[in-house]
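One structure is given below, encoded as structure tokens.
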Amino acid sequence: MEMYIWNTVIVVSKLMFYLGFAATAGYTFFWRDINDNSTNYTTPSYSAVWVKVCVFVAFISNAVWFIANTGAMVEEGIQGALDPFMLKIMLSSPIGEVTLYRAGGLAVALITIYLLKFKPLKPFLRLKSCLLVLCLFTLSYTFTLTGHVSELGSIARILLMVHVFVMAWWFGALIPLKLSCHYQSYEKLYKLMDRFGTQAAVLVTLLLSAGIWLAIQLVGSFEGLFSSIYGQTLLVKMFLVTSILAIAIRHKLKLVPKLKSGSGSEALSKSISLELTIAVAILIITSGLTSIVGPER
């Protein structure tokens, strides 16, 4: 029963980190579009508050994840999880290294996002954009330090970084794009969605290619995707990714072209909401895959 509780806390705290990671990516690459183009000047401030909350929750969840991993190792309840000696041991382990990197990355991201509200000069804005991108790369790097891929070679680690970075970019874009459906003119919304679709065509191809290659490496063979629980769970995740990709294709071919004629923003917003729901489901499965379910060796 105790391990069930710790595993649940580990999965939930990891999910919260994923959401904060995606929110940081969305802010880095898309919130400026809302700031520049929005016809409703309350939208940018609301968006910034939402992102700050997500990043702050991710920061706290990162600490909870570390404590929960300590508790799962010690198996002596909350007292064992908070034992200073055990925490010191865990801090020197790969889990501790991940925790420190993520804490630093999220802290810098939170401070940088907060400073953006002062509308500084353009050179300073570029500097802060670079800082946010550096934070994203740091957070992406932490995925290679623990888990199943950490046992593989350098190529697998690089591909994992690409996979999670693009995932954060894609999923993090969804809320900015949804808000844009309500607060931007049809002309500007079309340009934003068209640009996003062009970028996604390349980046999502990288995401899928890296994901499939990593999946086969982890299960050992293509047949392993069907014969193991880990492989079957990966297939469910791949099905959801394919579903969200199909929605994105529908956007590009059907819904986005309608924006040219001054209609379709409401339908696009609802479709992005469905995309968001599937994205959260993918993150939940990923949290479980990287915490509880492991490949058979």
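For all residues, glycine too, the Cβ spot is worked out from N, Cα and C.
The annotation domain 'Copper resistance protein D' is assigned in TrEMBL to 192-289. According to TrEMBL, the feature transmembrane segment maps to 6-29, 49-68, 130-149, 155-175, 196-216, 228-251, 272-294.
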Counts by DSSP class (helix H/G/I, strand E/B, coil) across the domain 'Copper resistance protein D' (192-289): 90 helix, 0 strand, 8 coil
Long-range neighbours of the transmembrane segment (49-68), counting only residues six or more past its ends (CB under 8 A): 6, 9-10, 12-14, 16-17, 19-21, 23-24, 26-27, 31, 81-82, 87, 90-91, 95-96, 99, 102-103, 106-107, 109-110, 113-114, 175
For the transmembrane segment (155-175), distant same-chain residues with Cβ under 8 A (at least six beyond the ends): 21-30, 47, 50, 136-137, 139-141, 143-144, 149, 196, 200, 203-204, 206-207, 210-211, 213-214, 217, 272, 275-276, 279, 282-283
Cβ contacts under 8 Å made by the transmembrane segment (130-149) with residues that lie 6+ beyond its boundaries: 21, 24-25, 27-28, 94-95, 97-98, 101-102, 104-106, 108-109, 112-113, 156-157, 160-161, 164-165, 168, 214, 218, 290, 294-295
